[in-house]
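**Q** What follows is a single structure, and I will ask about it in a moment.
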Amino acid sequence: MVAVKALLFACTLRTCVFKPCCDMAIFLIFLNAFIWSSSFALSKSAMEAAAPLFVTGSRMVLAGVVLFGLLLCKRESLRLPRPAIMPIVLLSVIGFYLTNVLEFIGLQRLSSSTACFIYGFSPFTAAFCSYVQLREVVTWKKLGGLSLGLVSYLVYLLFGGSEDVAEWGWQLGLPELLLIAATCLSSYGWTLLRKLGRRCESLSMTAINAYAMVIAGVLSLIHSAVTEVWNPVPVENPLLFLQAIGALVIFSNLICYNLFAKLLRSFSSTFLSFCNLVMPLFASFFGWLLLGESFPPGLLFAVGFMVLGCRLIYHEEFRQGYVLTSE
């Protein structure tokens, strides 16, 4: 029953996306960020029940199959144009497979709020990817905003955000590096998806996501079979695994991935990444609610400075016409 309601909710969201100049579109962006921020806590719960690569592959394959089923019910075309084959494969490997594998491995030793804050680096990587892939101009005003936000980001990341200021220290370890790599690859993937949506209008964003999820899921399961112990499957708590995977598929893969992809037709990936800077606050809430994690007091300060820095960028985005334009 919950799954049916969530799917109906996702369909309702999709009908509202193509009104880029109304308040509803902005509301959907922040609603999407609120829902998506729960995925960090849900992912940690899933990894308590099963191996990380198996979790990644299972959710991706299941979500892709569900999306294909929805497309078949709507009788949408699933034929891949020849020019779209290699970009979709590239999107699958970089934007879905590598991003999710690195994220899940890094999450094993990071709190959900810290991991989500590291993903706050995405506006900067998205701006760079948009410049390289879409030839979107980066002005001096944008660079100033990037610099201000980047300084705030690095101060928090390197010196920590623990409750006791005296405990702050160098905290750039392997988990943080994995999450940073996942952030960069994610930004590249979203920019590639936006570029692909422009070039292949005959193929819906949902269909592109479905293909990418299935391919990435199969790669993750193969990776899991090679590196993780299957006896018969790498699941320790089947009930918790099914609950966490079900929630991840519905909220992250079916609702958030597809809504974000739809929004990319009307907003730049840089602007959407900027709006997602509120996600660490939401993730802290879900981490407290679902996992009993404490709220790091330095997080609010760091996010505030990142938002101030990024405001400079988005004044330029509006002026240049990259935001709130129909495509």
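The backbone N, Cα and C atoms fix where each Cβ goes, and this holds for glycine too.
Because the structure is a prediction, the values reported are computed rather than measured.
Pulled these from Swiss-Prot:
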TRANSMEM  22-42  transmembrane segment
DOMAIN    34-157  domain 'EamA 1'
TRANSMEM  53-73  transmembrane segment
TRANSMEM  85-105  transmembrane segment
TRANSMEM  114-134  transmembrane segment
TRANSMEM  143-163  transmembrane segment
TRANSMEM  165-185  transmembrane segment
DOMAIN    189-313  domain 'EamA 2'
TRANSMEM  202-222  transmembrane segment
TRANSMEM  240-260  transmembrane segment
TRANSMEM  271-291  transmembrane segment
TRANSMEM  294-314  transmembrane segment
**Q** Within the domain 'EamA 1' (34-157), what mean pLDDT does the predicted structure show?
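**A** Looking only at the domain 'EamA 1' (34-157), pLDDT averages out to 81.
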**Q** Which residues of the same chain, at least 6 past either end of the transmembrane segment (202-222), have a Cβ under 8 Å from a Cβ in it?
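**A** Long-range Cβ neighbours of the transmembrane segment (202-222): 53-54, 56-65, 67-68, 70-71, 76-81, 84, 88-89, 91-93, 95-97, 100-101, 193, 196, 253, 257-258, 261-262, 264-265.
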**Q** Within the domain 'EamA 2' (189-313), count helix residues (DSSP H, G, I), strand residues (E, B) and coil residues, in that order.
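**A** The domain 'EamA 2' (189-313) comes out at 100 helix, 1 strand, 24 coil.
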